[in-house]
Every structure is written in C-alpha cells, then in structure tokens.
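Engineer: Quick paste from Swiss-Prot:
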type	residues	note
BINDING	His561, His565, Cys663, His667	Zn(2+) binding site
Amino acid sequence: MLSNTLRSNFLKFYANRHHTIVSSSPVFPHNDPSILFTNAGMNQFKDIFLNKETVSYSRATTSQKCIRAGGKHNDLDNVGHTSRHLTFFEMLGNFSFGDYFKEQAIAFAWEVSLSVFNFDPDRIYATVHEKDDEAFALWEQHLPSERIFRLTDKDNFWSMAETGPCGYCSELLFDRGESFGTATSPLEDSEGERFLEYWNLVFMEFNRSAEGSLLALPNKHVDTGAGLERLVSIISGTNTVFEADVLRLLISKTETLSGEKYHADEPLGAAFRVIADHVRSLSFAIVDGLIPGNTERGYVLRKILRRSVNYGKRLGFTQPFLAEIVPALVDAMGEAYPELRLSVSQIQEVMTIEEENYFKSLHRGGNLLQQVLKSSSSSSTISGEDAFKLKDTYGLPLDEIALLAKDYNFSVDLDTFYQLEKEAKERSRKNVIKSHNATDTVYDALSLGENSTFVGYHDLSCDTFIEAIIKNGEQVSYLKEKEKGILILKETPFYAEKGGQVGDSGEIFCSDGTFIVSHTTSPKAGMVIHHGEVSQGQLHSAQAVTAQVHCLRRKNISNNHTGCHLLHKALEMTLGDHIRQAGSFVDDTKIRLDFTHPKAIAPEDLASIELLVNEKIRENHRVETREAAYSDVMNSKEIKQFFGDKYSDVVRVVSAGFSHELCGGTHADFTGDLGYFRILKEHAVATGIRRIEAVTGKEAEVLARQDNQDLNEIALILQSPRDQILNKLQNILDEKKEQTKLISDLENKLIYSLLDKVIDRCQQIEDVSYFIYHLPESESHRLQQYANCLHQKIPVRLVSLWTTQKNGKYIIFSRISDDLVKQGLKAKDLLQVLLTPCGGRWGGKDIFAQGSADSLPQADILNNTLCQWISTQLI
C-alpha cells in the first residue's frame, strides 16, 4: 500500500530531525467537548498551544486519524459527490512548540515535497498571507516569485477560535496538468482540480484579544497538515482519492459483494464512494469506543451508517453488508493501526446489529409513509413535520420520501422540512458546547503559580497551602462557616475523579476552621479541585492547612479499582482477545465495567470469570506500580492499554498478578486485600457493549450472607431441604404447566361452545367470508383466541370482534387471512377506518391488529362500514 509507505517515510523524515513521533489520538477528543470529532492533527496538541499543558518534547510529528462529519467541519453530505471529500482521512503533520518557526518549517516542507513525495519542483506552487513578507521571501529561496501568490484572511489566516492563538498560513499546491483543467495558475482554478492543495503550514505568532487586536505570542508555534489520501491520489495520478490505494480496495470489495461494477462517472459511482469512505469512518470510530446512538457523536455515527445503507440499496443490497467489507480494510490498514485487527469481530457485530435495526426501521418508515400519503390526500402535500419525522425517527432518506411522493403525484413541504432540520442541528451544536462553556471559564482565569501536586499514592495526609478559593463560580479570598465552595491546594493527597475512579473525600483543616471535602475533581490537566463546605470557622487563601483523606473509603475504592483490573483480565482470558474496556466506574461500594462483547455472557462463563478473579485474590499478589516511557510500552502485548485514550510520554504501569495495565488510579497493596469478589449482574448497555457490576470485600460478604439467608427462607417456604430446592421448584413448574394446559383446553371448549351458537352470523361479500360480533365483557382477554378459532372452524377470512372493559372502554380486534393480505387488505387499515370517526387508537400488523376507543357506533353501523371497506378494497 502506497499510503503505508508514504506515512512511514513522512514520520521517519521528521523523526530523523529530532521530532518525537506521537501516536494518533482517537477520532473523538476525550477532554474537549467543544468539537464532536478530531478534525485536524493539532487537536491533541491544543492544550500545549494554549499553555495549559507541558510535554517533554518541543517537536512532534503525527499521522492523525480524523473525522469531519459534524459541527463546523462537516463533509458528510459532500462525500460521494466530489472527487476528494471524505468523512475519514489521515492528516500527516509536523509541529513545533516554541522551537523552530517559519524558516525551518518551510525548508522542511520543501525537502519533504521533493524527497518523500518525489514531486517535480516545477509543478509546486505556494500561497502566503498578503501581509506575510517573511514567508514570501523564504519561499523565494525555493520557488520563482511568479509561483508564489499573496491571498487574504479568507484563505491564508488561521485561528483556533474567535480569540486566542492564531496566525498566517501558507499553502502548497501541486499542478496536476492540463488534463485537469485549462487554468494557468491557482488564482484561475476556481474548482481547485488542476492546482490541488496538498499541505497547509500554520504559523501561530499572534494572540487575538476580545477586542480583535493581534498581539505577538511569547512562544511561536508551527502546526502543519497534509492529507494522506490526497497525496496518494496525486502521486498515483488518479482523478480522485477513491481510485487509489485503500479506498479503491474497498470499492473492489463492494463490487464483489454487489455484483455491480464501479464507473466513476455513472450514477452508481457515488454509492461505491460513499460506502468505501463510511466503512472506514465507522470502523475507526467503533475501535476508539464510539457506538451508534441517538445523541451527539453516536447520532452522527448512526447517520453515517444509515447513509451507507441507503446508498447500498442502490447497489441491490437488501440485508446487512457493511461487516463483509471490514476484513478488506483490516488487510489494508491493520499494520499501521493494529487496534483494527484486535477489534474486527466487535466492529462487525456493531455494524450488523445497527444495520438490521435500520432495515426494520426502513420497513416501518415505508409503511408509515403510506399512511401519511393517505392522511394527506386532501392536500396532495406531505407536511414538513411528517417528512422530518420519517427521516429523523425512522431514517427514511428525504430523496426516497420525495420519490415515493412523486409516484402518487404528491409533493413535500421542503421549506418546513429544512427549517426543522436546521433547528435540530442547532440544538445538537448547543448541546456539544454547553458543558465546555460551563466548566472551563473560571478555571482558565485562575493565575496559579504551579498546578496542584498530587502526593496521594503513598500519603493520605499532608501539610499544604490553599492556592485558590472559588465560590459560586468566582474566585474569592475566604470561606465562612456553612458556606459551600471549592479549594485548590498547592499539594494534595486527594485523588481527583478520573479514569473511572471516583474522587476522594475527607477534611482540610487548620486552627481557624475545617472544610469537609465531599468529592474531588480535575477540570483540566494538573488541577485538583476539592468540593465541600466549611463545617466550622473559616479558611483563607494562602493559608497553611492539613489535608486528610478519608482512609477507609480510599482503601475500599483502591481495592475495587484493583478488582476492576482483575475482572478485565479474567474477561479477556475467558471470552477472548476481542474484549476491550468501553468504560468503567469504581467507588467504595462497587465496580462497574463496560466492555465490548456481542452477546450476553453464558452463566457458566460468568462463574468461571468470578472463580478466576477470586483465585488471583487468594494468591495474594503484590500490586506493583512503575513509571515508563510510553514509547517503550506502547507496542507491548502484555500491558493493556485503551486505544481510545490519549497517553502522555511518561505513563504508569500497574501490575496485579496476571493483569498489567496503564493506569493513573489508586490500588490495593496486595490482591488479597480485596478479600472476596462477587458479580452482581451482567447486562447490555448498548449495541455490542456489555456491563458487569460487582463488589469486593465487605460488600461481597454481605451479598453472600443475604444469598444464604434467602436460600434458607425459600427452603422453609417450600418445606424442602436446601439441597432439594431445585427439584422441588421443577416439580412445581411441571404441575403448573399441566394445569395451564388443562385450563387452556377448557377455555377452547368454552370458545367453541359459544361459536356454535353464533356460527350463523358469518356473512359473505363476493368470495370474502367475514364475521363481526360483540363479545361479553368477561371474554375481553380472549379476543385473539376467538378470532383464531373462527379461522380454524369455518374457516372465515376476516374477523372483527369487540367487547367492553370494566372501565367502559371498547376493545376491538381484527384478523385477516393471508390470502386477503396478499390482495392488499390489511387488519390495521380496517381498524383505522372503524376507529377514526370515534377518535380511537390502533396498532398491529397486516394480519391482525387491535385498537381501543371510548365509544363505538352501533353494531349495524360497524357492519355497514366493514362491508363498504371490503367492497372498496376488492375493486
């Protein structure tokens, strides 16, 4: 694969020039709710640019996995219809954090263009900002001035946000030749097909104030990004990014599965392109811990998958197919991203389940669309509200709604539809940035000399100083008795909630007062904030205090965290290597672990997992921790790491017997400290994600005692020895089964007895025999039984039965034979006709349906309505 070679050579080039190769962060930022997905190489370095985070290196290079399918950068609707738009792509980049600047960045870019990309220097062009004389002069060392163009802020000025770091940028373009257009310069190439941009160099040298003025940054940074797929296309000489390398391989696989051939210029070409791109986005998102859902990132992922299915239908796919393309992706990219190989079954399972659900939803949506068409017959227009519901709730594409509407000479109220869609997108955007705005402001404004130093791995108490006090979102100088607030300390033994471990509680005190810490969090890297209330006296900023963690609670939390690690390893050993942690929570009372697994765990496997964890507890292994360079452990098969997580260059390895994980949490000293481990329950939390809840120590002992007590009480109730309880229960169930059958037989005899009395009420219209009858109130729970018996006894082809409940409401049931359904008669349509005039409700399937109403017309009116409906349907 050319992409593998190009990626490797690019990273090696910069590594040989003192750049640290930094692994790609996940496709969604864990600690930045302001953006839906990682959409550029600089995202994972954002806090470095903002001086919120420090790292040991000043130069970095990456190949970053990116998704642009939501928020400000959203290419979803363009994918498949242009030559280069993608939702998933890789961005090659090099970064300088206060190290080199324009001169070196431009020199590197030129050298890479010639020696790594092997571009003809006579076909390279550059753009700079109209005010950036320095960059223009530097490019003149490599290019003639007539191939360097000055552009405005619109094209050559970059900013992270409305305020903050920003600067001029310089773009590199490659002339693909006259076959891609007649333009003679980038300025004439409005479509950008001949002179294709392949690299953007951003020079962060300013800080934009709230007033809009540009101030010089004390440290100047470089951020560059080059799209790997675009580079591969240029080097391969293909017309589009889809005709080379990985994407072409995925298109070929789709050709094999569909039996159709890919032709770029034909209408079906878009379907191939959409599927190839979307399979990559879905696969990497699932690997990094995302699953399709109804909100935020999960909702976007669901849209991507459903869009794939919609285009797949054009190629003839009528059942799940995306999972069959995944192995081709793994073959192409598994070497560069080994997490793909480890998660193949998980990716395929999530895709297949989601596709199955969507195909069912499409079927329901199609039926609903038919109802909408009937209910809208007076206006010949499908309302924007109905169209939006069909798309948003049932996933029916707008173009499919419009096509079906056209078949019936209907139109769609597109203005209202697009307005509702716009409002939905705006709500989604506000939800994404809401938590970001609410949590960052006050902490970003603090001027602290140093971040809080955590000493709590070994010390649960320390003498320290109060560095800041926050009350009601504002920094204050003191807190009085009974006032709630937040303390920030210079050193702290309190562990802040993160990595699934709950924060510590305890006390912060001095001779002047005591602050009860209820919980501890970390709003940004390096900062620990203590939430609580002054119980007596008062506390001031800069005051010397003693910080004391609640020791027993910490011990129980630490034991449970170690238990979580043991459980994770036991799951992997029992169920397989596909097990990956998808989330966790540990406090002083319980363990909750979410993990990837396609189905419920068998009881015998749960028992094996529990036994294995308890075996490691009895072996009483020392729990050991050590720090290591991430580069030394990142490829270790023994040490568990989570592909959705971002790691610093120095990591902490926690080893507990057979378990080895990268973890920053607190742990037991020995596995034996856990005492005993019990699983409470196992259940699904999302498609392909299971959850186990468990307890250790005292909580596990309490559970065991309760189980023992329950068994004794059950034995007493059953009047059976404990070792005979199961046999006794089985005998009771067998007896109940026999009694139920006897009751059912008697009920059927009663039903047939009643039917013998009313059999002469069966009526006929043409060749359709039908039966409509009012049953006594006592028979309301057996409407369906009566209808089925009528079909068997006469057999009658259409039945409608109704009765009155004790609350005065009417219940009506209709059943239609299979052969009538094939002729177009549907039970739910009949109930719609019978119940609409009286404001009733109904639901069901084509063969049988049930409804209710507060009132019904007289029997003869119902009979006439039914006759008219049958006659109309048979025309």
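Including glycine, each Cβ sits where the backbone N, Cα and C put it.
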Engineer: Name them in sequence order: residues not among His561, His565, Cys663, His667 whose Cβ is within 8 Å of the mean position of the Cβ atoms defining the Zn(2+) site.
Structural biologist: Gln501, Ser558, Thr562, Cys564, Val623, Val654, Ala656, Glu661, Gly665, Thr666
Engineer: Hey, which of the binding-site residues His561, His565 is the loneliest by Cβ count within 10 Å?
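Structural biologist: Looking at the binding-site residues His561, His565, the Cβ with the fewest others within 10 Å is that of His561.
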Engineer: Cβ-Cβ under 8 Å from His667 (Zn(2+) binding site), same chain, 6 or more residues apart: which ones?
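Structural biologist: For His667 (Zn(2+) binding site), the qualifying residues are Ser558, His561, Thr562, His565, Val623, Thr625, Val654, Ala656.
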Engineer: Over all shown protein chains, what is the count of other CB atoms within 10 A of the CB belonging to Cys663 (Zn(2+) binding site)?
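Structural biologist: Excluding its own Cβ, the number within 10 Å is 25.
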Engineer: For Cys663 (Zn(2+) binding site), just give me the three-state DSSP call.
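Structural biologist: In three-state terms, Cys663 (Zn(2+) binding site) counts as coil.
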